[in-house]
Amino acid sequence: MPNASSWSASSPLLLLWEDSSGTRIFLSLLYAVLAISGTLSNVMVIYLVFSFKKLQTTSNAFIVNGCAADLSVCALWMPQEAVLGLLPPNSSSLRSAEYRLLRGGLLGLGLTVSLASHLLVAFNRYVLITKLPSVYQALYQRKHTGCMIGLSWALALLPVPLLPGLWTLGSAPSDGGSRYTALLLALAVLGQTALLLHCYLGIVRRVRGSAKRVSVLNFHLLHQLPFPAAPPPPRRAQRRLSSVSVLLLCCVFLLGTQPLVWVSLLGFFLRPAPPALQAASWLLLCSLSALNPLLYTWRSEEFRRAARSVLPRAEGPAAA
């Protein structure tokens with residue numbers, strides 16, 4: 001039976017050397033479900049934004065950027081993991097260093113740009129709600145928006161060669177490169193999370209303090225905030241629902257990212273976490289790529305209206 005370190009270096013991310021065939025089949029099915037649902041939802045959001053002029057806002061440009069990055073994970077990386085999970089442990093595909101580098105690059109590129117897009121959306125909404133309209137218009141000109149999106153991809157390409165070392169996280173404690181790479185990942189995600197929470201909590205404070213400030217801003221982007229669009233509730237209830245929606249978005253994001261952060265920090269400063277805990281933390285982070293389109297569109301009446309116009313309608317007496 002292969003040892004843990006040799007197997008972890010050649011196995012799919014969430015599969016462990018001691019896993020039974022039933023566990024491996026279950027994880028492969030889970031990958032397949034996430035791949036199909038995530039690919040469909042990300043493609044749908046991209047199609048709606050490019051098809052409907054009302055949805056072509058600056059905030060949605062960053063959302064589309066995140067969806068394109070999530071497709072790298074859902075449409076390219078997850079299907080490979082689903083197939084590899086059904087192969088025997090001694091398969092040559094699992095042991096190919098070049099193939100592992102390709103898979104690591106797809107995953108690293110997609111997750112990095114996706115996390116950067118989360119921050120770009122949060123900062124865009126923060127400036128819209130808390131600053132003057134003239135400041136927002138000056139900052140988010142078309143060329144500036146394009147530069148922000150391009151920068152997110154450029155920065156994501158820098159750490160790609162380091163990513164294969166993450167797959168041995170916790171399995172080879174003596175591998176200093178893997179430990180420092182994991183620490184770099186944890187600190188980067190932790191910093192990004194702190195900035196994102198600052199933006200959204202600032203929005204919550206402003207909305208709760210002045211509902212009138214939000215209502216007078218005549219921007220289509222307001223429809224992309226996770227606020228109830230129609231029918232408008234009373235002002236106090238509207239502030240409460242707005243705060244709950246933003247906080248719910250933050251909670252889902254924290255649930256997906258923070259387990260990996262603290263597992264990585266635990267492995268660097270103390271001792272590696274149990275393999276099952278590492279696998280669960282990675283699974284939560286990867287599942288965000290399938291959930292991101294819903295996080296940013298489920299409260300938008302414009303997105304729901306656009307989706308209803310393109311989805312096939314039921315035919316029959318009830319529809320008539």
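Cβ coordinates come from backbone N, Cα and C, glycine included.
Note that the structure is a prediction, hence the values are computed from the model and not measured.
What TrEMBL lists as domain 'G-protein coupled receptors family 1 profile' is 41-296.
Counting only same-chain residues 6+ beyond the ends of the transmembrane segment (25-50), those with a CB under 8 A from a CB of the stretch are 12, 14-15, 19, 56, 60-61, 63-64, 67-68, 70-71, 73-75, 78-79, 81-83, 85-86, 283, 286-287, 289-294, 296-297, 303, 306-307, 310. Taken from TrEMBL, the feature transmembrane segment covers 25-50 (among others).
Per TrEMBL, the feature transmembrane segment maps to 62-80 (among others).
According to TrEMBL, the transmembrane segment annotation covers 100-123 (among others).
Per TrEMBL, transmembrane segment is recorded for 144-162 (among others).
Counting residues 6+ beyond its ends, the transmembrane segment (182-203) has Cβ neighbours under 8 Å at 115-116, 118-119, 122-123, 125-126, 129-130, 159, 162, 165-166, 169, 225, 246-247, 249-250, 253-254, 257-258, 260-262, 264-265, 267-268 in the same chain. The transmembrane segment feature in TrEMBL is assigned to 182-203 (among others).
Look at TrEMBL and you will find 244-270 (among others) tagged as transmembrane segment.
Remote same-chain residues near the transmembrane segment (276-298) are listed as 13-16, 30, 34-35, 37-38, 41-42, 44-45, 63, 66-67, 69-70, 73-74, 78, 107, 110-111, 114, 118, 121, 169-170, 224, 226, 249, 252-253, 255-257, 259-260, 263, 267, 304 (criterion: CB distance under 8 Å, separation of at least six residues from the stretch ends). Sequence annotations record features per position, and here TrEMBL assigns transmembrane segment to 276-298 (among others).
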Average model confidence [pLDDT] within the domain 'G-protein coupled receptors family 1 profile' (41-296): 77
Intrachain residues whose Cβ lies under 8 Å of the transmembrane segment (62-80), provided they are six or more past its termini: 31-32, 34-35, 38-39, 42-43, 45-46, 49-50, 103, 106-107, 109-114, 117-118, 120-121, 124, 145, 148-149, 152, 156, 224, 286, 289-290, 292-293, 296-297
